[in-house]
Structure formats: structure tokens, C-alpha cells
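Comments concern the structure below.
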Amino acid sequence: MKNVLPPFIEIYRALIATPSISATEESLDQSNASLITLLAGWFSDLGFNVEVQPVPGTRNKFNMLASTGHGAGGLLLTGHTDTVPFDDGRWTRDPFTLTEHDNKLYGLGTADMKGFFAFILDALRDVDVTKLKKPLYILATADEETSMAGARYFSETTALRPDCAIIGEPTSLQPIRAHKGHISNVVRVLGQSGHSSDPARGVNAIELMHDAIGHIMQLRDSLKTRYHYEAFTVPYPTLNLGHIHGGDASNRICACCELHMDIRPLPGMTLNDLNGLLNDALAPVSERWPGRLTVAELHPPIPGYECPPDHQLVEVVEKLLGTKTDVVNYCTEAPFMQTLCPTLVLGPGSINQAHQPDEYLETRFIKPTRELITQVVHHFCWH
């Protein structure tokens, strides 16, 4: 099988050279179809059955599932095909040209996280996948950097139930078994415009929002004292006020005001619970000013995630790597994969390079990542 695929570095180079930017702004958003076609071809060459799945509600985005083997269980290796947009003025290299310098591989997606697929392909090039005793699945998803639509759709529609899954996000090969969720909301206040010389003839939306923010701050303090998870560096749910806008002139009573905020819940906290807490916090304002305050989602929510610490996957990976699993504050697709099977987040490269100009992956990760993928495939698909 070894001559079927291009060399590792050429696979990497081709992945980086194929743009697949996800953005909420339509002018920046790109289809991942070309990248999916590349991956589908390579996994087909290795003997996998390949299914390409359009993702509803996206701008021409696709998931790809490559599978081999029969029966129940097995292993799912998964990652996203998209990258964030890049700031051309801050990059000193071409983001779409893989450049090796000073023991680093530079390019958009080298760490986050197109490179993971190059590692999978390279680790499997000498494996006769038709002889695996349990199924092996490779999932490439769309739109992780914006809506996570690909992972959401796959988890809602697939009948697959592997024994376990590994998401190859850049964790510096530190296995992650839990992370916080993310909920982003917009609070809107509708006032009544009027001339500032007669405040009684209007309803000032900024003043109502000031009242609302006071209640939101009380909720923030309550979250900090009521919920605790010691393993996290920030061991409580955080609440952040990120953006506010209201009014258009100093001599006009403000007619509308809008606040963008987010909450990062701990694993185990349900999205319904958090929505209820926010609505309860704002209830005094809503009752005093009926019909003038609304709360809506800015983006689809992401629940917190946790893999049981005593699961076989945790035990096996900790033994292979000689290190304990950890928890992180950022989000991945793990909550959606966890609905299918126990899931770890584990991959080459540093999260500190994600979304940064001159993104890179250190070459010191190449050998241990290849070895790790080989070992987990052997353990979960050969035994």
C-alpha cells in the first residue's frame, strides 16, 4: 500500500494549498468541496469506503466519512476541514503555501487542523485496512470554526456507534477529556424615541439596558458561587459582556440598545438550565417594561463535554502517552461526538497557534503523532 499515497509532506502541502475558510461573513466564507474531494480520493486509494454528505443550511459545505471493517464498535478519528479567515497584513508567509523553517511547518491549518488528516493518512499507508478486526472510521467535518454544523448534522443523523472517538485538535498531544460549553446571546431593549429636552415623552433604551446589565452581573456572581469544577483553571462558569450598542445622537432619547454576551458552562450544566437562569435574572426588567426586552441566540449553543475518567479510552491513551488527561476552557466538536461514543480531544500542534498569523506546527510532533495513531488503531481495531 505504501506507494499509493504521496509522501507525508506532499499530502500536507496539498491540504494547506486548498482553501477552506469558514466565516459568518458571506464574502469570506468558502466551500470545503475541493478539500473533501482530495481526502475522499486518498482514503479511497487506501481501501476505505467513502461517503460524502452535504451539510444542510451551509454554503456548499460537506462532511466526509471514510469507513472500513464490519461489525459493531471500532474507532472514529475525526477533525474539521475548515480554517478561520486570515489577516493578510499580519502574515509574513503565504498562508496557502506549506513552508518549513526552523523545525516548524507554516501555513493556515497546519495546527488547526488540516494537518491531522495528513498524519492519519501517513500512519495508515502501510496498513491493510481490509484485515482490521473492528471498524475504523475517519470523519472530516465542515464549519467547525463557525456553527459546528457538520458535527451537529453528523451526530444527529448517523447510526454509527463506535467504541470511542479521538478528535485531532491541537492539544500538544495532551489528551483532553472535558471542556466547557459556549452560549452566546443578544439582549435587545426597545425604547421609545423622542427629543432629549422632554425625557418623559420617551423611553430610554440605554437606561433600561443599564438596569438589565445590573441583573446580569448578579447572575454572573451567582454562577461563580453556585457551580464549581476544580479541574478547570477557571473552575466556574464565566459570563462575559462582549459588545454593546445603543442610540445615535446625544440629543435623542435612545430607542434601541443591543448587548452581546456569552456564558461558558461547565460540563453537566444543560443549555435549558442556563437559558432559564438568564431569563429569571432579567424577569424584573421584563415585568417592569412589558414587551421591551428580548433575548435571542447569536450562534447555536455548544454544550459542555466530559468523557468518563474511568473509560477504557482514557486508560489506554494515558498509558500510551505516559500522561494524565486534562480539561480545557475552549470548545471543540467533542460534545456532539460524545453523543455517539466516549470521546477524547488529542492531536499535534499547540492551541496557542490556532487562529494566529504565521500559524505553524512544530516538526517534533510528527514522529510521536504517527506512532500514536498507529497504536490506537492497533488497540481498538485489531484486538
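For all residues, glycine too, the Cβ spot is worked out from N, Cα and C.
According to its DSSP assignment, D82 (active site) is coil. Annotated active site per Swiss-Prot: D82 (among others), in sequence order.
The Cβ of E144 (active site) lies under 8 Å from the Cβ of S22, H80, D82, G150, A151, T332, E333, each of these being in the same chain and 6 or more residues away along the sequence. Annotated active site per Swiss-Prot: E144 (among others), in sequence order, evidence recorded as sequence analysis.
Taken from Swiss-Prot, the feature Zn(2+) 1 binding site applies to H80, D112, E169, supported by sequence analysis. Within the same chain, residues at least 6 positions away in sequence whose Cβ sits under 8 Å from that of D112 (Zn(2+) 1 binding site) are T83, V84, E169, P170, G349, I351, Q353, A354, H355, E359.
Under the DSSP three-state reduction, D112 (Zn(2+) 1 binding site) is assigned to coil, being neither helix nor strand. The Zn(2+) 2 binding site feature in Swiss-Prot is assigned to D112, E145, H355; the stated evidence is sequence analysis.
For the Zn(2+) 1 site, the Cβ centre of H80, D112, E169 serves as reference, and the other residues of the chain with Cβ at most 8 Å from it are G79, M113, F116, E144, I167, G168, P170, T332, G347, A354.
Looking only at the binding-site residues H80, H355, the densest Cβ neighbourhood within 10 Å occurs at H80. Taking the mean position of the Cβ atoms of D112, E145, H355 as the Zn(2+) 2 site, the remaining residues of that chain whose Cβ falls within 8 Å of it are T83, V84, M113, A354. The DSSP secondary structure for E169 (Zn(2+) 1 binding site) is coil. Under the three-state DSSP scheme, E145 (Zn(2+) 2 binding site) falls in the coil class.
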